[in-house]
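The Fe cation binding site annotation in Swiss-Prot covers 115, 119, 309. Annotation source Swiss-Prot lists substrate binding site at 137, 138, 139, 140, 141, 170, 183, 281, citing sequence analysis.
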């Protein structure tokens with residue numbers, strides 16, 4: 001089975017072709033990603049209008065390159081998959097509309113993929129893992145712990161009640177004057193800092209649920225930074241190191257609870273799986289190794305290039321769905337918000353969370 005995947009939910013324009021064998025083994029034939037960092041850097045963050053226009057300008061060429069690198073023509077495709085949300089609606093419209101056009105012209109099945117499901121299923125492409133497994137999904141817009149029990153079968157065990165982890169990293173970078181994109185800059189600065197200098201809180205630590213909260217920690221960083229009369233590069237490194245250490249410790253605590261909840265509902269997970277752009281952070285990857293070791297479970301993390309947004313994960317999610325006969329019509333709609341767990345509700349006492357609703 002050959003599937004073209006298209007990703008345009010944020011600031012990466014991407015397309016890929018994957019091959020899925022009858023036994024479920026996947027192979028990436030091409031995976032082209034064009035980052036829009038340069039376009040958004042002057043503004044210190046992603047500008048939705050600029051992102052959408054860039055997708056319009058870039059996508060046709062990216063798809064053409066992906067097809068040529070894979071060495072196939074459109075007539076050979078068994079399906080076309082596009083991320084239909086959640087994401088910036090302008091970009092989602094561009095990608096889904098393009099996929100519909102290709103599917104219509106070439107009489108090829110269409111799959112409208114949930115971007116979060118694509119992250120959730122990537123470890124099955126890279127490592128061939130069987131269900132069920134416990135997913136830690138962390139990105140600029142989402143932070144969730146999810147039980148993955150099958151294609152289209154997800155139970156959210158925990159979520160953020162305010163900022164996503166990636167969002168918190170970006171906001172801390174911005175308040176400290178670090179360039180965009182902020183996450184890698186904070187990680188880089190933290191490497192030369194003293195993580196013990198600032199005693200930041202460990203949000204939600206010790207709670208019986210598996211939810212996250214980052215807004216208070218972000219405020220604590222701002223307060224400490226404002227107390228420094230003339231902030232130096234070393235001060236920034238120390239602030240970043242202390243912030244990152246707090247995130248790592250809080251994340252480990254939340255994951256320990258999430259794994260306990262998983263075992264209570266589904267038995268022992270086959271693995272703890274990390275996905276999403278934040279999982280490319282080397283310090284977080286190290287912390288996840290510690291959590292998995294203590295939990296006596298396998299840790300699976302796709303290569304960093306497949307943790308951040310890419311077309312291969314969309315193509316693979318499309319292939320997984322096609323293998324089960326799951327396709328979509330031309331009436332498939334783009335969505336700015338799209339729950340991975342359709343039955344999930346907002347954590348008690350918090351109303352609607354910002355990430356995931």
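Glycine is no exception: its Cβ is also placed from the backbone N, Cα and C atoms.
All features noted in Swiss-Prot, drawn onto the structure.
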residue : record                 : Cβ neighbours (10 Å)
115     : Fe cation binding site : 29
119     : Fe cation binding site : 32
138     : substrate binding site : 30
139     : substrate binding site : 26
140     : substrate binding site : 26
141     : substrate binding site : 22
170     : substrate binding site : 23
183     : substrate binding site : 24
281     : substrate binding site : 26
309     : Fe cation binding site : 26
Taking the centre of the Cβ atoms of 115, 119, 309 as the Fe cation site, the remaining residues of that chain with Cβ inside 8 Å are 7, 9, 83, 116, 118, 139, 276, 310, 313, 314
Nearest by Cα to residue 183 (substrate binding site), of the binding-site residues 115, 119, 309, is 309
The binding-site residues listed are 115, 119, 309; by CA-CA distance, the one closest to residue 140 (substrate binding site) is 309
Whole-number Å distance separating the Cα atoms of residue 138 (substrate binding site) and residue 119 (Fe cation binding site) is 10
Rounded Cα distance, in Å, between residue 141 (substrate binding site) and residue 119 (Fe cation binding site) is 13
Closest by Cα to residue 309 (Fe cation binding site), out of the binding-site residues 137, 139, 170, is 139
